[in-house]
Each structure stands twice: as structure tokens, then as C-alpha cells.
């Protein structure tokens, strides 16, 4: 009873922080003619409510795809439709076809913010609570501490409640999928992940670890026996879930192709804005987009992504434990973010939430990673007027994690899971100087660099000849951090030491 009382307090604090951030500005507020992501979400409600399903993804006189056309899978569209019915009931002007374009009012802002919070309360937050209570080891106090830090993680809060999106839905469904697999409900976990994938296509970042974990488990129990029947159940669950999600479009192959084209656009280019990945950083020295054709860029990024994600996935396939699975989720998402085609800065969320799963096992590195991730989106936060929420939530997360998890004190080789490692681990240790005092110093230097660049981005005017100076510096600094984390998490995954309680996961 006491544990659940503490859980309720943590959830309440998480809700308060989310609502506090939602009182600020949002993407594109008062900036016609295209506005921003807030208007995109409202416009999708307008489209799904007023147009038949077969026109949702088509360019027509009533659905201009150049004005925030639907570019997410069907489950996002169905969610927009549900919100649209509620909006229509409250105020029909909010979803009136054509006339509601760019609609802004305090009442509508309250409604939209409430829909995000309700989605979190129904999907994301329950998944986080159950993960911390049932798949996190330690005392009840330790589990509650992990829960509070998880819920206070600033990146997702700032994007969903500040910038304005519904990432908590797809990420929450992915967490439900991990819960299903962790508790032995493989078919139900597969259904949950299919729903996540059909809500946002970026969940493909996690697809290979889910596939390898389930296939590895089937192989482990025997493909000629129980493993075969498990594989059949999982395959049936996946096929049925996809069929139900795509049911309105299955009667017309042209419709299916059009939806796929919308959710996998290639016209936007190799990267978008100043994102902290390989291609944007390399573009400072080599103008890749000018040298290579669009097709060559796609082939190059695809090859690099596959090469970088395969080692982690093969490791998981041969050793399908929950510990390996969580590390593979991080490594796969990071590989996609660093090397894949058409990456947006918000895509790092797909790595950040799996890192939150490691707060109990790797608190120091997880805290450091999550601070870097949030910092990598400083240009976006400044554009949306979210400087104060960014500073406040980042400090709150840093202080809470340092106090409750003793994160800054847990950076010995044993705590970093580097007590037994292959030869590449030695090279990494030499490069990063993994000794407790040095690593703490590196962390503080990193934090001061991030704080300095954040303040410079606000207070200093860039030279006229370098208008993007500070966004580029933020991008490159974040990329160098993320590349180091990518190497580190691979070393931990291939380490023979693994998790303290790894015996339970075999």
C-alpha cells in the first residue's frame, strides 16, 4: 500500500511537470501560413473527420498534402479521428473543413494539451509504472526512485507538451511490448509493438531488436518443438494486427502504395535541419548532398545503417535475454539515428526512452546520455520559445537523478559494466580514460560545454557570414557525445560481465 502511495505521488509530479510545460508556447504559434506541429495535429483531426478514409492520404481539392498532409501510419489517423469527434462535440469550428486552418484560441489550446495528457495517462505512464515495479530490480524505494526519474525525463515532455506531438503513444506502446516480452507474454508483446509501428513508422528503429529477440527465443526453446508453435503464434498475432490496422485500405492496392509513399518520403533529403547525426556533421566538411545523387545518398545511408545495427542484433539473436534486448534497443535506435536517411532531431527519442530503461543498471551513463539528448534539441526549443522549460526540466532531472540514484557516484568499472570486456573494450577505455575521477571530470566538462553553448545560442548573435553557427556547434557537440555513447553501449552489450543478475534473464 505504501509503495502504491509513493507511485501515485510520482505520477502526480509527472503530470504537474507536463502540465506546467504545456502552459508555454508551441511549435508555429501565430506564425502563418504554415504554422507548426500543433497545427499539423489539429489539421489531421480536420481531415480525418470531414473526409472519407480513402482520401486521407490523397492529394485532392479538400486535402492539400503540401499543407501538413498525413504522413504517419493509419493508427495515427484513427487517433486523430477520435480527437476530432471530441473537438466537434465541444466546438465544431475547431475541425471545420478549410475554415479551421490555423485556428488558435485558449480553449482549443487547452483541449489539445489535454488530449496529449490523456494519451500519456492511458498508455505511456501506466507502462512506465509497470516496468519500474515488475521489471526493475531492487527495493520498493529504489523502484519508486527509478519511476520518478523516468517520468521527469525532460526530452519527451518538452517535445510532446512544448513543441506538441503525441510521441508518448508510440513509445508507450513499445514499452507495453517490452513488458509483454519481459513477462513472457510474447504474442501480446508482439501485438503491442505492431500497434506502435502502425502509429509511428520511426518505431522501425526498434523493429530489428524485437525480431531478433523473439526469433532467438524461438530457436532457444527449439524450432522443432515448442519454439515452432511460439513462432506461429507470434506470426499470426503480427499478421492479424497489421490486417486490422490497415483494413480500410486493403481493398485497393493503389491506396496501400499511396499510404506507404506518404509515410516513407524520400524527397526531404538525407537529413533535416541541424540534426546531431553523422551526415549533418560530415556535411560541414564534405557537402554530401551536393556531391551524391539522392539515390546514392539513400544507398549509402542504408548500407551504413545496416552495417552498424547488425552486430548488436546478431548478438541478441544468439543470446536472447532481457538485458541484451534493452541494450539492443538502444544500439539499434542509435544506429538508425546516426546513419539512416532523413533523420529529424526528434528521432533521438527512439534511443532516449530505451536508455531510460537502463537508469537502474547504468545510472551515470544513462543520466549523461539523456542530458546530451535534450541539449541536442536546443535550436528547436529556442525556435518554439521553450528556453525556460528546457532549463528547469533539465536541472530537475539532473538533481533528482543525482540525489535518488546516486548517479554521479556510480561510475566505477564495475558500475559501468566494464569489468570484463573484449579487446575493443580496452581500446575504448584507453580512448575515454575510464577512471572514476577522470570520468566525473569529463561529465562536468560536458555539462559546462552544453550550458555554455545553450547560453551562447540565446545571448550571442552569430556572424553574418555564419548565421547557423550555434545550431551547428550544438549539433556537432551532440554528435560527438552520441558517437561515444554508441561505442560504449556496444562494448557493454558484448561484455561477458553483463548484468549483475544476468542469471535470471537466461
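The backbone N, Cα and C atoms fix where each Cβ goes, glycine too.
Long-range contacts of the signal peptide (1-22) within its own chain (CB-CB distance under 8 A, at least 6 residues past either end) are made by residues 113, 116-117, 120-121, 125, 129, 133, 140, 143-144, 147-148, 151-152, 157-158, 160-162, 386, 389, 393, 396. Look at TrEMBL and you will find 1-22 tagged as signal peptide.
Residues annotated as transmembrane segment in TrEMBL: 110-134 (among others).
Outside the transmembrane segment (146-164) by six or more residues, the chain places 7, 10-11, 13-14, 17-19, 21-22, 24-27, 36-38, 41, 112-113, 116-117, 120, 125, 128-129, 131-133, 136, 138, 171, 346, 348-349, 352-353, 356, 359-360, 370, 373-374, 377, 380-381, 384, 386, 389-390, 393-394, 396-397, 400-401, 404-405 with a CB less than 8 A from a CB of the stretch. Taken from TrEMBL, the feature transmembrane segment applies to 146-164 (among others).
Sequence annotations record features per position, and here TrEMBL assigns transmembrane segment to 176-197 (among others).
Tertiary proximity for the transmembrane segment (230-251) is limited to same-chain residues at least six positions away from its ends with a CB under 8 Å from its CB atoms, namely 53-54, 73-75, 186-188, 190-191, 194-195, 198, 214-215, 217-218, 221, 223, 259. Look at TrEMBL and you will find 230-251 (among others) tagged as transmembrane segment.
The feature transmembrane segment is assigned by TrEMBL to 323-341 (among others).
Under 8 Å from some Cβ of the transmembrane segment (348-375) lie the Cβ atoms of residues 131, 136-138, 142, 146, 149-150, 153-156, 158-159, 167, 171, 174-175, 178, 202-203, 205-206, 276, 323, 326-327, 329-330, 333-334, 336-337, 390, 393-394, 397-398, 401-402, 405-408, 410-411, 415-417, 439, 443, 446-447, 450, 453-454, 474, 477-478, 481-482, 485, 488, 492, 499-500, all in the same chain and six or more residues away from its ends. Annotated transmembrane segment per TrEMBL: 348-375 (among others), in sequence order.
The transmembrane segment annotation in TrEMBL covers 387-408 (among others). Proximity of distant same-chain residues to the transmembrane segment (387-408), defined by a Cβ-Cβ separation under 8 Å and at least 6 residues beyond the stretch ends, is recorded for 17, 20-21, 24, 145-146, 148-149, 152-154, 157-158, 162, 359-360, 363-364, 366-367, 370-371, 374-375, 378, 381, 440, 443, 447, 454, 458.
Summarising the annotation, TrEMBL assigns transmembrane segment to 443-463 (among others).
What TrEMBL lists as transmembrane segment is 469-491 (among others).
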*List, by number or range, the same-chain residues at least 6 past the transmembrane segment (469-491) whose CB is under 8 A from its CB atoms?*
273-278, 280-281, 284, 308, 311-312, 327, 330-331, 334-335, 337-338, 348, 365, 368-369, 372-373, 375-376, 378-379, 418, 421-422, 424-425, 428, 432, 446, 449-450, 453-454, 456-457, 460, 462-463
